[in-house]
Amino acid sequence: MVSANGSHCPYDDSFKYTLYGCMFSMVFVLGLISNCVAIYIFICALKVRNETTTYMINLAMSDLLFVFTLPFRIFYFATRNWPFGDLLCKISVMLFYTNMYGSILFLTCISVDRFLAIVYPFKSKTLRTKRNAKIVCIAVWFTVMGGSAPAVFFQSTHSQGNNTSEACFENFPAATWKTYLSRIVIFIEIVGFFIPLILNVTCSSMVLRTLNKPVTLSRSKMNKTKVLKMIFVHLVIFCFCFVPYNINLILYSLVRTQTFVNCSVGAAVRTMYPITLCIAVSNCCFDPIVYYFTSDTIQNSIKMKSWSVRRSDSRFSEVQGTENFIQHNLQTLKNKIFDNESAI
């Protein structure tokens, strides 16, 4: 049990080391495989790339950059020692926030793009261009990197355990929370969470309303079902991954600044923080599902790959069957010749 900085409330968060180690290991394996496959399809399989694909490529790159830092985090949470230096600690922290809020903003870009394509298909043609999509992506990268810079500035390694080990990713001091971090959290939550959340819900609602209008009722039922699945998957992943962490981050900020002085509330919030963070990190594994339901080309590429694999397997089976048939006939012929020679 340790006491919160400047607080009389004891808490024990040692469980987070095991939780982080297990969760980050799983995210590393699944996230690395799924996002590498996604990048391969985007670069090698897609012959025509549109503005939506541009957002998805940047989202996959954001996921991969964060996934590459996970082995260092896994090592730290397993050994509780950071031997990789202060710079890599700062880079790992920056890529965590860059990935989380970059994912939120890129998913929002995909949602807004879908909204423009369905609700204003003709008026939005001048807006929905690959050039504009690239400009938006550059703006997103600058925004998330600028927003994560203060956290990187305050995060650094420090000695622990009688100077026998180095710590990284540990809690900031209470004084830092009161003076700087609480204001940074307000900015991050408004720009990086609440505005994107409102945009996602609003755009999805207007798309659903447009699809139910008499003018669009003539659309094929299959197309409508596909759009509904797309919206459902998008919102579920967005809300599941990011809502718990960001709501808890607000409460966590209030606890660390001692706005909440209730020990029970503080303990609950501190306990939920590592859990919600693990849920948020899992977005690296779920983002490829968004790619699948958003892009017909990706669906077709995966189906073609699986079809070609099945076809090659069937060809192999046919060849193997033919070889077995030939071998059987040769053996039969050999036996007949041997019987005839024996009779002579």
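Numbers here mean position along the shown chain, with the first residue as 1.
Using N, Cα and C of the backbone, Cβ positions are placed for all residues, glycine too.
The annotation disulfide bond is assigned in Swiss-Prot to CYS89-CYS168 on the grounds of sequence analysis. According to Swiss-Prot, the feature N-linked glycosylation site maps to ASN162, an assignment based on sequence analysis. Sequence annotations record features per position, and here Swiss-Prot assigns topological domain 'Extracellular' to 1-25, 78-90, 156-183, 252-272 based on sequence analysis. Swiss-Prot lists 47-56, 112-134, 205-230, 294-344 with the feature topological domain 'Cytoplasmic'. Swiss-Prot lists 26-46, 57-77, 91-111, 135-155, 184-204, 231-251, 273-293 with the feature transmembrane segment, giving sequence analysis as the kind of evidence.
Proximity of CYS89 (disulfide bond) to non-local residues of its own chain (separation of 6 or more, Cβ distance below 8 Å) is seen for TRP82, GLN155, SER156, THR157, CYS168, PHE169, given in sequence order. Per-residue confidence over the topological domain 'Extracellular' (78-90) averages 89 (mean pLDDT, predicted model). Per-stretch counts of Cβ pairs under 8 Å to the transmembrane segment (91-111) identify 135-155 as the leading one among 26-46, 57-77, 135-155, 231-251. The highest tally of CB pairs under 8 A with the transmembrane segment (184-204), across 26-46, 57-77, 231-251, 273-293, is held by 231-251. Using a Cβ-Cβ cut-off under 8 Å and counting only residues 6 or more beyond its ends in the same chain, the topological domain 'Cytoplasmic' (112-134) has close neighbours at 49-52, 54-55, 199, 203-204, 206-207, 210-211, 227, 230-231, 294.
Note: the topological domain 'Cytoplasmic' (47-56) comprises 6 helix, 0 strand, 4 coil (DSSP; helix = H, G, I, strand = E, B).
Under DSSP, residues within the topological domain 'Extracellular' (252-272) fall into helix, strand and coil as 15 helix, 0 strand, 6 coil. According to DSSP, CYS168 (disulfide bond) is assigned to coil rather than to any helix or strand. Counting residues per DSSP class in helix, strand and coil order gives 16 helix, 0 strand, 7 coil for the topological domain 'Cytoplasmic' (112-134). Residues in the topological domain 'Extracellular' (78-90) partition by DSSP class (helix H, G, I; strand E, B; coil) as 7 helix, 0 strand, 6 coil.
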